[in-house]
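Presented below is the structure to which this report refers.
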Amino acid sequence: MSQENWIDLEKKYHLQIYGRLPVVLVEGKGMEVYDIDGKKYLDFLAGIGVNNVGHCHPKVVEAIKKQAETLIHTSNIYYTIPQIKLAKKLVELSGLDRAFFCNSGAEANEGAIKFARKYVSKVLGREGGEIISMYNAFHGRTLTTLAATPKPKYQDGFYPLPPGFKYVPFNDIEALKEAITDKTAAIMIEPVQGEGGIHVADKDYLKAVRDLCDDKNIVLIFDEVQCGMGRTGRMFAFEHYGVEPDILTLAKALGGGVPIGAVVLKEEIAKALSYGDHGTTFGGNPLACSAALASVEVIEELIKDDKVIEKGKYFIRKLENLIEKYNFIKEVRGLGLMIGAELEFNGADIVKKMLEKGFLINCTSDTVLRFLPPLIVEKEHIDALINALDEVFTEIKK
């Protein structure tokens with residue numbers, strides 16, 4: 001069937017909630033993906049920050065094949081070796097103490113909120129359970145994580161949302177101080193806001209937040225669903241800041257393309273939880289954990305010697321050079337290979353034109369071109385994208 005036929009079938013049978021681009025992708029390898037007609041694209045979105053090791057990395061594929069032939073699912077009534085190995089790996093890498101596995105970033109964030117509230121209530125004896133999150137944040141699409149995501153375009157139509165959430169501006173420590181009450185249980189922050197437009201936390205800000213949480217006995221949650229797993233050049237974005245969270249959430253790139261989420265937390269908080277307090281049927285299944293173990297090992301190699309950080313700096317420099325030619329580019333910002341270029345207008349047409357030229361990119365918050373390439377990206381890939389972007393911008397300028 002043709003690409004158009006498949007698109008027509010999707011429109012007939014699938015729930016129409018995605019504003020998809022008009023392309024049917026059928027194959028991926030490394031930086032490249034191919035559509036049903038055989039056209040090649042360079043992927044600078046990586047499945048929205050999922051394919052950090054590239055498409056179908058041989059080590060991840062081999063791990064999936066091997067595990068699929070052995071044991072796929074048992075439930076968490078039983079012990080499984082890949083889950084135990086992955087928990088150990090994430091604890092060692094993060095410096096935290098225990099891990100819980102689920103299936104997505106939204107589930108991980110929902111779990112983090114539950115764990116924080118249980119700890120503050122049961123151990124600290126403080127009721128209220130209020131969570132403070134940031135404007136421009138995105139924490140998920142469940143009702144609870146929507147309540148932590150203060151954007152009308154996501155929340156509208158889904159009221160009433162669960163109570164107990166408060167919002168403050170990102171990078172504003174004074175506003176955060178004013179928002180804290182004796183009901184505050186946790187502060188939830190993305191060290192680099194992704195969906196909100198690639199906003200990087202100030203170093204002094206995260207340190208001040210950590211001090212504030214220590215002083216007030218408040219749980220600090222870092223949502224690294226998008227900015228974690230090597231995306232910023234460190235395994236976890238918080239490593240750039242010398243600030244450790246009480247709870248860390250992960251997903252997206254953790255599984256190398258296979259759905260898996262994780263909550264990694266300190267022992268003090270873990271002690272507040274007992275059998276039956278939380279759970280999942282599929283979370284931490286052998287297949288997902290085997291894929292994740294392979295993915296983490298590959299990422300460890302990719303981020304060595306600041307390679308990802310240097311690629312990110314190169315990418316940002318090349319984008320900044322375009323500002324001199326095109327005054328409608330307001331700002332370029334990012335950390336590692338999590339990069340945004342803010343425009344003075346909606347970037348949806350830019351995304352479509354780049355697709356025509358063979359590049360997958362994204363626009364978030366209406367005006368921010370978002371670049372999340374696999375960590376295997378090379379300078380020649382970046383140069384090719386910049387040249388294509390230059391051509392598109394030139395057409396617009398005319």
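Numbers run from 1 along the shown chain.
Including glycine, each Cβ sits where the backbone N, Cα and C put it.
From a predicted model like this one, the values you see are computed outputs, not experimental measurements.
Around the Cβ of THR281 (pyridoxal 5'-phosphate binding site), the number of neighbouring Cβ atoms within 10 Å comes to 10. Residues or ranges marked as pyridoxal 5'-phosphate binding site in Swiss-Prot: GLY105, ALA106, PHE138, ASP223, GLU224, VAL225, GLN226, THR281.
A C-beta separation below 8 Å, combined with a sequence spacing of at least six in one chain, links ARG141 (N(2)-acetyl-L-ornithine binding site) to ALA106, TYR154. Annotation note: ARG141 (N(2)-acetyl-L-ornithine binding site) sits in a coil segment as assigned by DSSP. According to Swiss-Prot, the feature N(2)-acetyl-L-ornithine binding site maps to ARG141, THR280, an assignment based on sequence analysis.
Using a 10 Å radius centred on the Cβ of LYS252 (N6-(pyridoxal phosphate)lysine) and all shown protein chains, the other Cβ atoms total 28. Under the DSSP three-state reduction, LYS252 (N6-(pyridoxal phosphate)lysine) is assigned to helix. The N6-(pyridoxal phosphate)lysine feature in Swiss-Prot is assigned to LYS252; the stated evidence is sequence analysis.
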Q: To the nearest whole angstrom, state the Cα distance for the pair GLU224 (pyridoxal 5'-phosphate binding site) and LYS252 (N6-(pyridoxal phosphate)lysine).
A: 9
**Q.** Listed binding-site residues (GLN226, THR280), ranked by Cβ neighbours within 10 Å, top entry
**A.** GLN226
**Q.** Cα-to-Cα gap, GLN226 (pyridoxal 5'-phosphate binding site) vs LYS252 (N6-(pyridoxal phosphate)lysine), nearest whole Å
**A.** 6
Q | Fewest Cβ neighbours within 10 Å, where candidates are the binding-site residues ALA106, VAL225 | A | ALA106
